[in-house]
Amino acid sequence: MAELKLISAESVTEGHPDKVCDQISDAILDDMLAQDPHSHVAVETCATVGQFFVFGEVTSEGYSDIQNIVRSVVRNIGYTSSRVGLDADSCGVTVSLTEQSPEINQGVARLSGEEESKASREQRYEAQGAGDQGVMFGYACDETDVLMPLPIHLAHRLAYRLAEVRKSGEVPHLRPDGKTQVTIEYDDDDHPVRLDTVLVSTQHDPEVDQAWLKEQLTEHVIRPVLDDVLADRVAHDEYRVLVNPTGSFILGGPAADAGLTGRKIIVDTYGGAAHHGGGAFSGKDPSKVDRSAAYAARWVAKNIVAAGLAHKVEVQVAYAIGVADPVSINVETYGTEIGVTREQIQQAVRKVFDLRPAAIIDELDLKRPIYSKTAAYGHFGREDADFTWEATNKVDELKEAIKA
């Protein structure tokens, strides 16, 4: 008997300590972009027992009340009492922000404000180099309606629902920290065929009975999400459910584990289905190609799959600091291209998509304060108008470029 091919992916809730830090960093970024869309921001957050440290580099015409932003984010997540391990109103907040290095800035902003206002679009695109070197990846596949890998999409939906039932009180006695994990069986053609395991770990009040909790989460979180996402496309009549496998989960959040911005990069992207260049997203303005180019690569990949040119695709793009044009662009279709060659798809991508940093920022409208909502439950596969990199607005152009 052939060995089963089982693929897993995890997600975490907004109360996970690393995600708390991501949300703080992106809330600070949004506040600065709201005041000055040209802000250059690279903000990291670290969390430990009752204490947050915010540090990094910022160049902006705006002023942000960092202390208030931190407390607001923590409060909205649900850490409002020492009873749950963290009190937004009494936790310590230490801030250490400096200006962006002028050597980095000179490669990103070669035009002064007056020069930029007079420059043509092409001049602006050529003048703005990448904020750093690096390799970024984007991915899409036809396993789900949102063209994401099924394991990570399902894990995100479960994590989001877990937070929903906590906040609404539909399932009482839950606390903010939590994680989900999904295992899917694939056939020899790499198609998902069966749900194997659902794992949910959630922080809770001390008096909670674990058997009761498993029943509640199965009824109010797991089954509704599975019925909505899987429907009839993947077998899910029999699967294993694990809830808090170690037993109790009372102490959570930063009181149990230190948190740090950028430490959930696989959760943020494709759950391990694609490569990752290593650069995190949260706290970085769009001049940082770690973020903007990864968003653009997803945009490219999603349009390729939406155009029916391949069943799955990974787009790699690389940059040199201070240089506008990508050093390289590569499209990998894993032999799943449909009626075209991989080379034809790659040539079409080069014709249709301008992947210079300033062009990406313009095309995807990335200088807006939209990033807080990206900081939990995934940056990709979200059906939200502000997630412009999820638009399939280049499908027709790709098809025409293939014909040319």
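Start at 1 and count along the chain as shown; that gives each residue its number.
Even glycines carry a Cβ here, placed using N, Cα and C.
As the structure is a computational prediction, the values presented were derived from the model and not from experiment.
For HIS16, ASP177, GLY178, LYS179, ASP257, ARG263, LYS264, ALA280, LYS284, the entry in Swiss-Prot reads ATP binding site, with the evidence type sequence analysis. All protein chains included, ASP257 (ATP binding site) registers 16 other Cβ atoms within 10 Å of its own Cβ.
According to Swiss-Prot, the Mg(2+) binding site annotation covers ASP18, on the basis of sequence analysis. All protein chains considered, the CB of ASP18 (Mg(2+) binding site) has 22 other CB atoms within 10 Å.
DSSP assigns GLU44 (K(+) binding site) to a strand segment in the three-state reduction. Just so you know, the Cβ of GLU44 (K(+) binding site) picks up 20 other Cβ atoms within 10 Å once every protein chain is counted. Per Swiss-Prot, K(+) binding site is recorded for GLU44, and the stated evidence type is sequence analysis.
Summarising the annotation, Swiss-Prot assigns L-methionine binding site to GLU57, GLN100, ASP257, LYS288 and lists sequence analysis as the type of evidence. Reduced to three states, the DSSP call for GLU57 (L-methionine binding site) is strand. Using a 10 Å Cβ-Cβ cutoff, GLU57 (L-methionine binding site) registers 16 neighbours.
The region 'Flexible loop' annotation in Swiss-Prot covers 100-110, and the record cites sequence analysis as its basis.
Of all the binding-site residues in the record (HIS16, ASP18, ASP257), the one with the smallest CA separation from LYS288 (L-methionine binding site) is ASP18. Around HIS16 (ATP binding site), the C-beta neighbours below 8 angstroms that are at least 6 residues distant in the chain are ASP177, GLY178, LYS179, GLY253, GLY259, LYS264. Max Cα-Cα distance over the annotated ATP binders (HIS16, ASP177, GLY178, LYS179, ASP257, ARG263, LYS264, ALA280, LYS284) is 25 Å. Of the binding-site residues LYS264, LYS284, LYS288, LYS284 has the largest number of other Cβ atoms within 10 Å of its own Cβ.
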